[in-house]
Amino acid sequence: MAATIILFIIVVQIGVSYIANQRDVSLQTKRNMTIAFFFAVVVCMVAYDIAMMEPSYYDILGVTPNADNSALKRAYKTLSKKLHPDKNPDDPDAADNFILVHEVYEILLAKDLRETYDSYGQEYLLNARISPRSKSVDLSYERLLMYHVPFYFVSALVAYALTISKKSNEARPYAFVMLFGLATAEWYTKTYHDALPYVPLTIYQQVECLKNIYHYMLQGAIMYAGLVYMDIEAMKLTLLDTVRRQLDDQKRTLENQEIMIRLLIKEVIGNKKKMDVNGVEQKSQESESSKILDQLNNLDPKSKKKALERKMKEQAEAALEKAKAKQSKEHPWGLYIFIGLSLLNYFSK
């Protein structure tokens, strides 16, 4: 059973991964495809389990589980003649096969033994017989309880352990509901098996198939829960981290904008101060020019000419001194060049 479950998990995992990687398919379609693929795999695995079952007593005699006593007698006579050790001297297993057919025939011919075998299988029958050759069995409440409780108790523990993680936690209610459904189906199959449609399996084999289906369904529910699982806490943390990073980026952007605005304000204030200084100088120059013009208007033509020449000479000397001072501050070589050019101009006159 463990090998088939591992095979089932591998096959389902491959199929689910393939479906999940389909990009042009919606999420709901992927879920439907996953469920359909899962049930198809379950059907295949159940068919495989039925094919790999050990031969039942009915298979040994070559009859169906609903065969009556007359059919059992005919089958036994045919096999006993065919498998008799005297007719198979070269077969070392002929005696064992003949004894096995005889024991099977005796069990199926006895009503209590046959019903016990049909419901609980060979192992339970061997343990429940009062004696090895007895045709009576012990079907006490305690024995039946000890037969059923361990399986369901262990199955419940396994279901709880497999669904303890966050990803598979959502599958836990379904696991226990399926386990309860399995117990109900087993009880109904054993109690009302005559009313059920005919299946070429004993009641015990049918119950074993139901148990295998439960194991497959449990693994499928766990895998499906992991497929659709969304970790809300992790999503919240991721969202908060994303929002925090966006706020940090916006904060840095605002700080950079604030720095740029401050620089622009400083530049505007500096330009305004320069404009104010230039305006004051221009106004002072205009006022001096107006004063000079007023003085010139009060003089006679000759005096005007002399005063104008004197004033122009003073302004030229003042500009020369200002230029010298400026050149001396910036670079001494500029001052030397300016003095040389001034002397050259003077002597050239």
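Every residue gets a Cβ built from N, Cα and C, even glycine.
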Next item on the list: Examine the ranges 6-21, 214-229 and name the one recorded by TrEMBL as transmembrane segment.
Entry: 6-21
Margin query: Labelled coiled coil by TrEMBL, one stretch among 72-99, 240-267, 296-323. Can you tell me which?
Written below: 240-267
Next item on the list: Could you pull out which residues elsewhere in the chain have a CB under 8 Å from any CB of the transmembrane segment (6-21), counting only those six or more residues past its ends?
Entry: 30, 33-34, 37-38, 41-42, 45, 216, 219-220, 223, 227
Next item on the list: Tally the residues of the domain 'J' (56-121) by DSSP class, grouping H, G and I as helix, E and B as strand, and everything else as coil.
Entry: 50 helix, 0 strand, 16 coil
Note to self: If I take every residue in the coiled coil (240-267) and average their pLDDT values, what number comes out?
What the structure shows: 80
